[in-house]
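Under the heading site 'Important for catalytic activity', TrEMBL lists 40. The Mg(2+) binding site annotation in TrEMBL covers 65, 66. What TrEMBL records for 66 is site 'Interaction with DNA substrate'.
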C-alpha cells in the first residue's frame, strides 16, 4: 500500500479469490454461495510484514455474518 502498510493476508496468500470476512444477512444464500466482502484486515507496517507467519480467516459457522481473523508475528 502506498502509505507504508501491508495487507498481511495478501502478503502471505497472494490474490486468492473468494476469501471473505463478511456476508450480507439480508440474503439468506450469501454465505452458502460465498458471495461476501472482505472488510476485515490485519495491516502491519512494511518493515514488519516479513515477520508475519500467519494471517488467516477462521470459519465462524453458517449463522454468523463475520468471520474472525487471526494474525501471528514472529518477533
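Every residue gets a Cβ built from N, Cα and C, even glycine.
Quick caveat, the model's predicted, so the values are computed rather than measured.
Distance between Cα atoms for residue 66 (Mg(2+) binding site) and residue 40 (site 'Important for catalytic activity'): 9 Å, as a whole number.
A distance of 12 Å separates the Cα atom of residue 65 (Mg(2+) binding site) from that of residue 40 (site 'Important for catalytic activity'). Cβ-based neighbour count (10 Å, all protein chains) for residue 65 (Mg(2+) binding site) stands at 14. There are 14 other CB atoms within 10 A of the CB of residue 40 (site 'Important for catalytic activity'), with all protein chains counted.
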